[in-house]
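Annotated features in TrEMBL:
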{"type": "TRANSMEM", "residues": "494-513", "note": "transmembrane segment"}
{"type": "TRANSMEM", "residues": "520-541", "note": "transmembrane segment"}
{"type": "TRANSMEM", "residues": "561-580", "note": "transmembrane segment"}
{"type": "TRANSMEM", "residues": "601-620", "note": "transmembrane segment"}
{"type": "TRANSMEM", "residues": "647-666", "note": "transmembrane segment"}
{"type": "TRANSMEM", "residues": "700-718", "note": "transmembrane segment"}
{"type": "TRANSMEM", "residues": "773-793", "note": "transmembrane segment"}
{"type": "TRANSMEM", "residues": "805-830", "note": "transmembrane segment"}
{"type": "TRANSMEM", "residues": "842-861", "note": "transmembrane segment"}
{"type": "TRANSMEM", "residues": "881-905", "note": "transmembrane segment"}
{"type": "TRANSMEM", "residues": "925-945", "note": "transmembrane segment"}
{"type": "TRANSMEM", "residues": "957-977", "note": "transmembrane segment"}
Amino acid sequence: MQIRIQPSLGVVLTLLTCLQAFGLYLFLKGFLLTRQTFDLKGHSYSAWDRFPLHQSSQPFQPILTQSIKATPFKRTIVVLIDALRFDFVAPSNATSFFAHQLPILHTLHQSSQAQLYQFRADPPTTTMQRVKGLMTGSLPTFIDAGSNFASSAVGEDHLLNHIQRHYPNIYLMGDDTWVSLFPSIFHQPNRTFDSDSFKMLDLDSVDNHILTHLWPTLEKSDDWQFLVAHFLGVDHCGHTHGPSDPHMERKLNQMNVVIERLLKYVDQDTLLVVMGDHGMSVEGDHGGESVEELMSTLFLYSGRSLGTSDPYFQQLNRRIHQSRAKQLNYDLDTISQRLLYDAHQYPVVAQIHLVPTLAYLLQVPIPFGNLGALIPDVLTSDQQSSRPRILLYMVEQFRMNALQVYDYLEKYAASTRQLDFSLAKLSPLKQHLYRADAQMLELFQNNQFLQQLDSDQDTYLDQLEEALFAYDAFLISTIKYCESIWAQFDTGCMALGIVLLGASLVTALMLVIQHGFKTSSLSLCLTPCSILTVGLLITYARHTLLDDWIIQQGWFEKMEWSDWIGASLALTLCSLVFHLEVDLSRIQQTAFWRKVDWPMLLLISLLQSSTLGSNSFVVWEDRGTVFVLGTLCLIWMIRNLSSTPQWHALPIFQAVGPPLAFFMLVRLTSMTGQCREEQFPFCDYFHSGQLIFEQSERGYISFALLIITFTLLVHFGAELGRTVNMVVGGLYQVSSIIVFYRTVYEIFSRMLDTGAEQKSDLALMIQKYIEVYLPRAVYGLFLLNVCLTYLQLRQRSARFYWSLFVLMTPVLGLLQRPVASTIILATPLFIDLLCQGSKDSLLIRLALLHFLGSHLFFVTGHQATSTSLPWKAAFVGFEEMHYYTGMILVTLSTLSGYLLTWTGWSVLLKEAQEKHTGEVPKHTLYLLTLLQTVPSFLCAVFVFVLRRHLMTWKIFAPRFLFQVLLQIGAHIAAIVLERCL
């Protein structure tokens with residue numbers, strides 16, 4: 001008996017969306033996992049506790065006399081200047097608004113009372129992650145970047161816990177991120193003066209608020225012991241204007257004056273720490289892994305000595321820093337080349353090294369989860385002791401630091417199922433520690449060594465150095481090892497997710513072929529039941545019989561019962577398609593269902609998606625997208641020519657003109673965009689900063705393009721007036737003119753901005769009107785226009801969808817950077833060209849529309865990196881940061897190109913239906929989902945294979961997460977379009 005199954009296309013698309021979403025969910029569950037944290041507190045160690053550590057050795061307690069005792073500081077001032085890149089401080093011959101703008105630090109660095117370091121951040125370089133790392137000494141994981149804008153309290157041990165016990169009078173001023181992360185520390189209103197950190201357009205309010213409370217607090221010398229002042233003006237200036245701006249010079253000079261004034265409060269019992277949490281990209285942003293974003297500043301100063309004048313220890317400390325830089329692969333030549341200072345002159349210190357260093361200087365315990373190593377310079381301040389005694393003291397401090405890291409590794413290995421933390425994997429790391437202990441045991445068993453500790457003889461310095469470097473090798477090797485394996489991949493969960501993605505992809509392909517089908521009742525019952533039964537049996541076996549073996553292998557350890565049942569149901573649903581028989585009588589053989597178009601377009605998608613497995617192709621994906629669009633335009637042209645009935649001038653022009661004009665627009669808009677860090681120095685996109693007409697051809701060209709864009713806006717408004725009514729056309733023109741005016745205003749205001757702090761009341765009122773009220777007017781006019789269009793065109797015709805498309809452009813253009821907004825406003829021109837085609841080329845034009853979305857994404861200044869996220873869009877029309885509203889605006893800004901092209905599908909399909917009397921089948925919507933499903937599946941495969949690749953977290957993971965967003969968005973768009981058409 002044959003049973004005919006003909007579900008609606010909406011039901012099929014919804015089921016495919018659920019299958020894809022569940023497959024992505026399983027894959028991400030196995031891929032984006034955070035490290036394990038412990039609710040344990042660090043404690044003080046004695047230098048020779050459990051000495052030696054190696055189990056085969058007998059315990060030994062050395063008898064030492066006249067040990068060096070460190071004197072802790074009584075007060076500490078921490079000045080955190082957000083985004084303080086090191087070249088803002090370092091002497092340089094470069095003439096710019098940011099180079100060497102804090103000369104006071106370099107002046108103080110000449111004395112033994114100060115230490116200046118290149119302060120290297122661990123990516124992701126977001127403020128919340130960096131503050132967390134600066135206080136815990138832990139390494140971040142990739143997924144933590146997403147929580148930068150939803151800060152939650154730190155659940156693990158951190159330095160402030162221990163500081164509070166010894167220094168209870170703690171003050172905070174500035175960034176409220178500290179309050180979110182450490183609410184139990186900063187909870188007293190009279191000692192916590194935090195400010196909103198998301199007012200990026202405001203350069204001065206937070207800093208001025210800090211200064212209002214800073215000086216009165218410092219004057220009360222008996223009332224404060226530990227003070228944190230987190231300045232945001234430099235960071236906000238970077239986000240708003242970029243580093244090369246007069247405002248940056250003003251803000252850095254202000255910080256220089258603040259530090260100069262702070263010096264009078266620093267005595268021998270006070271420690272001043274000036275640092276940045278991360279650097280700043282060329283565009284003024286942060287969050288990624290470029291050299292500009294990683295290299296920040298650390299400056300230590302006190303009234304007492306923080307260094308040594310002994311050439312031997314100066315050389316020793318220099319060798320330790322060089323050894324660390326070599327082990328951690330710091331490319332000093334690249335730093336020098338990119339930031340225009342000699343990076344070899346200043347030691348590079350990882351940010352997590354600050355935690356044990358501050359713990360030492362304040363004589364508090366190191367947090368339990370710290371992985372940082374002591375900065376050696378502060379251990380060798382001028383002591384009234386012999387070289388062997390001081391060097392032994394350094395060995396003792398390094399060993400206590402190593403014991404703390406050793407205990408953390410032991411706890412982590414005992415608590416995790418990760419094979420990377422097995423005894424066999426950790427043994428090479430521990431060998432450094434065992435070797436150091438063995439070296440010190442040999443020295444302690446030598447009576448002459450103990451007798452000569454306070455002599456001027458250097459007999460045993462080499463052995464002490466060997467032990468010191470072995471302890472340091474353990475600390476640095478642990479950092480390097482944890483950096484490489486910190487992500488806890490559940491390969492079984494990832495593999496199952498890939499299987500589901502592949503199964504849903506094949507299911508979609510089968511449905512394209514057989515959208516009218518039938519099957520027998522027997523196969524309809526037996527196949528799903530058998531697969532479901534097998535799946536449930538595997539689930540039962542996984543959680544009972546094979547549980548211990550699975551744990552040993554590290555597979556499926558994150559899979560719950562519900563995940564296994566869901567996977568079984570998903571595979572069962574997919575299996576139905578493979579038992580369907582094609583009913584050829586029900587397949588419409590129309591011109592839109594050309595046999596060659598589907599395989600050709602899927603092959604193009606497959607070839608383009610296969611490039612996602614190469615880091616070079618991902619980096620240069622913007623250029624590859626232009627190549628794909630050019631190829632499709634050529635195919636479109638050939639198809640038009642093959643369908644031309646007569647080879648006369650007019651028909652040939654009509655066949656060649658639209659594809660050629662479309663590709664010319666693609667090439668013209670490809671001049672703009674945003675360069676990825678990896679593209680330098682071979683990337684030279686046109687941007688608004690080049691709109692200076694003095695000796696600039698691009699400036700004159702851009703001015704001409706602005707005039708052309710304005711002409712197009714008038715044309716589109718007139719067209720809307722004819723399509724809907726004059727009111728809608730007029731309101732659209734008002735909205736577009738507002739966006740156009742704001743674009744011109746932003747461009748020329750940057751040219752004329754002198755960086756002055758104070759503006760007149762009239763200037764401030766005009767600025768608020770342009771930045772807040774005009775955008776709100778655009779939002780309101782858009783909603784009003786949509787309502788009027790719906791009332792005027794109740795029938796959902798091609799005119800309705802074209803009008804809706806055009807009305808979207810001012811809102812989406814408003815959220816872009818100046819040059820990008822003109823491209824968004826001119827986007828209807830692309831759609832008009834794509835509508836000029838025969839029914840034979842519909843699928844090709846739809847594919848062009850799909851890849852146009854990617855092209856618009858790149859040319860409007862976006863990249864698949866965290867650094868390029870347009871956070872400034874969250875403030876368009878708002879004076880303050882509103883979390884959900886800001887999130888929506890940032891998403892709209894990022895996906896503007898895709899939202900327009902997904903809407904464009906309705907225009908093209910409805911236009912074709914009206915031209916050809918409803919002949920266009922809705923099954924063309926499968927193309928929309930397949931063109932995103934293919935790259936999603938291959939991207940997941942590549943991430944799985946390359947999960948230990950050096951560029952996984954920098955290149956492949958961000959691109960995959962962006963693809964996940966596009967995949968879900970395309971499926972939702974297909975479901976909505978199916979209901980509208």
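Here the Cβ of each residue, glycine as well, is placed from N, Cα and C on the backbone.
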Check your understanding: Which bits of the chain, at least 6 residues beyond where the transmembrane segment (881-905) starts or stops, bring a Cβ under 8 A of a Cβ in it?
Key -> 149-150, 196, 198-199, 801, 804-805, 808-809, 811-813, 815-816, 824, 827, 830-831, 834, 846, 849-850, 852-857, 860, 862, 869-871, 873-875, 925, 928, 965-966, 969-970, 973, 977
Check your understanding: Given pairs 6 or more apart, does the transmembrane segment (842-861) have at least three Cβ pairs under 8 Å with the transmembrane segment (494-513)?
Key -> no
Exercise for review: Might you confirm whether the transmembrane segment (773-793) is in contact with the transmembrane segment (805-830), defined here as three or more C-beta pairs under 8 A between residues 6 or more apart in sequence?
Suggested key: yes
**Study point:** Winner by Cβ pairs under 8 Å against the transmembrane segment (601-620), considering only 494-513, 647-666, 773-793, 925-945, 957-977
**Key:** 925-945
**Study point:** the transmembrane segment (957-977) versus listed stretches 494-513, 773-793, 925-945: most Cβ pairs under 8 Å
**Key:** 925-945
Point to revise | Distal contacts, the transmembrane segment (647-666) - CB-CB under 8 A, six or more residues away | key: 626, 629-630, 633-634, 636-637, 640-641, 829-830, 833-834, 836-837, 848, 852, 855
